[in-house]
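Visitor: What follows is a single structure, and I will ask about it in a moment.
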Amino acid sequence: MAIQHVMVIGAGQMGSGIAQVCAMRGMRVTLQDIAPEFVERGFSRIEESLVRIVKKGGLSESASRDTLASITLTTTLDAVASADFVIEAAVEKMDIKKSLFMQLDGLAKPDAILATNTSSLPITEIAAVTSRPERVIGMHFMNPVPVMQLVEIIRGLQTSEKTYRAVADLAQALGKTPVEVHDYPGFISNRILLPMINEAIYCLYEGVADRDAIDTVMKLGMNHPMGPLQLADFIGLDTCLSIMEILHDGLGDSKYRPCPLLRKYVAAGWLGKKSGRGFYDYRSESK
Ligand SMILES: CC(=O)CC(=O)SCCNC(=O)CCNC(=O)[C@H](O)C(C)(C)COP(=O)(O)OP(=O)(O)OC[C@H]1O[C@@H](n2cnc3c(N)ncnc32)[C@H](O)[C@@H]1OP(=O)(O)O
Ligand SMILES: NC(=O)C1=CN([C@@H]2O[C@H](COP(=O)(O)OP(=O)(O)OC[C@H]3O[C@@H](n4cnc5c(N)ncnc54)[C@H](OP(=O)(O)O)[C@@H]3O)[C@@H](O)[C@H]2O)C=CC1
């Protein structure tokens with residue numbers, strides 16, 4: 001199936017990145033969020049990212065203009081009706097995703113594929129609220145989407161081979177490397193990454209070391225591009241907590257219990273870079 005029109009649900013850090021990479025490859029994209037300020041913020045993020053790419057010589061000025069022109073912003077789901085492919089990147093909450101997938105299923109063309117960029121929620125359960133579970137799949141991009149090579153493709157129990165192939169081909173057309181994963185909590189990426197981040201938060205909570213020491217050990221000692229606390233801020237502490245809860249509930253092992261300090265930060269609204277404060281303070285940073 002030729003994918004010409006992509007609908008992206010949620011214009012946060014991931015949705016805007018997904019919209020950008022699809023538009024850069026010549027697809028028509030509709031980017032949706034629940035309020036105009038969120039879609040506008042998502043569009044500004046795309047503009048900033050394209051400026052970086054043009055400066056680095058990765059795209060011409062005119063291709064950048066064409067990319068921006070192929071993105072339509074909306075706060076409704078009307079455009080789902082004409083989309084060949086819908087990808088959901090709203091918040092990491094099962095009730096919101098289920099409600100969205102019920103609506104998307106009612107609006108989308110019968111042969112449209114419905115994908116979710118969820119970090120850890122079960123694809124099979126999301127697919128089960130639709131009348132087309134064979135055309136529901138996980139397409140898990142990494143942050144920042146324009147830079148990271150990997151896309152995890154998660155097969156729900158009922159995902160068809162045809163759907164898997166179409167989404168793997170799409171990932172390749174976007175210049176990414178797809179990796180096939182079965183539907184278990186956290187998939188591969190977050191089953192491994194998040195317990196490491198959670199353990200770093202425990203190190204801070206228990207006074208093993210301060211923030212900078214923890215991040216420095218992992219950056220200089222293990223050659224990670226960012227320390228785990230900085231990476232947690234970058235992912236979003238609400239998303240990190242939600243992933244830990246899903247690992248804990250889904251795998252039933254106490255080793256996945258979220259650190260109380262992570263819970264406390266999320267309760268305070270300290271969600272990391274996107275809210276201006278997490279383990280680091282971003283409020284004085286110019287954007
Ligand atoms: C939670 C989940 O479900 C799954 C996840 O996504 S987990 C998170 C996965 N992501 C990571 O682990 C990211 C770890 N961090 C990194 O790889 C790097 O710190 C980083 C790529 C984010 C930034 O790299 P950096 O070297 O510190 O900064 P910087 O020099 O500004 O950027 C590196 C390159 O990326 C580009 N870049 C960074 N952000 C960009 C963006 N939003 N758009 C376009 N280009 C961008 C820069 O222009 C630069 O390009 P060149 O290599 O051509 O010079
Ligand atoms: N952050 C990361 O590193 C990664 C995240 N993911 C996954 O991608 C998804 C999005 O994460 P991320 O972009 O970081 O989160 P953000 O919080 O940046 O963005 C989520 C956006 O979705 C909006 N939203 C909430 N409810 C709805 C709805 N019903 N319809 C449409 N939009 C809605 C939010 O609005 P509001 O602010 O009002 O709630 C917000 O603008 C999550 O499932 C997450 O697990 C996947 C890979 C990496």
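Every residue gets a Cβ built from N, Cα and C, even glycine.
Caution: TrEMBL annotation is automatic and unverified by curators.
According to TrEMBL, the protein has these features:
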| type | residues | note |
| --- | --- | --- |
| BINDING | G10, A11, G12, Q13, M14, G15, D33, E92, K97, S119, N143, K274 | NAD(+) binding site |
| BINDING | S49, K56, S119 | CoA binding site |
| DOMAIN | 5-183 | domain '3-hydroxyacyl-CoA dehydrogenase NAD binding' |
| DOMAIN | 186-282 | domain '3-hydroxyacyl-CoA dehydrogenase C-terminal' |
| SITE | H140 | site 'Important for catalytic activity' |
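Could you give the neighbours, burial and distances for every feature on this list?
Guide: Counting every protein chain shown, the number of other Cβ atoms lying within 10 Å of the Cβ of G10 (NAD(+) binding site) is 26.
In three-state terms derived from DSSP, S49 (CoA binding site) belongs to a helical segment.
Using a 10 Å radius centred on the Cβ of H140 (site 'Important for catalytic activity') and all shown protein chains, the other Cβ atoms total 25.
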Visitor: If you measure M14 (NAD(+) binding site) to K56 (CoA binding site) at Cα, how many Å is it?
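Guide: Here the two Cα atoms are 22 Å apart.
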Visitor: Under 6 Å from ligand 1 by Cβ, which binding-site residues from M14, D33, S49, K56, S119, N143?
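Guide: Checking each Cβ against ligand 1, the ones under 6 Å are S49, K56, S119, N143.
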Visitor: Same chain only, sequence gap of 6 or more: which residues have a CB within under 8 Å of the CB of N143 (NAD(+) binding site)?
Guide: Q13, M14, G17, F234, I235
Visitor: Could you round the CA separation between K56 (CoA binding site) and D33 (NAD(+) binding site) to a whole angstrom and send it over?
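Guide: Checking the Cα atoms of K56 (CoA binding site) and D33 (NAD(+) binding site) gives a distance of 30 Å.
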Visitor: Please check each of the binding-site residues D33, K97, N143 and report the ones with a CB atom less than 6 Å from an atom of ligand 2, ordered along the sequence.
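Guide: List returned for ligand 2: D33, N143.
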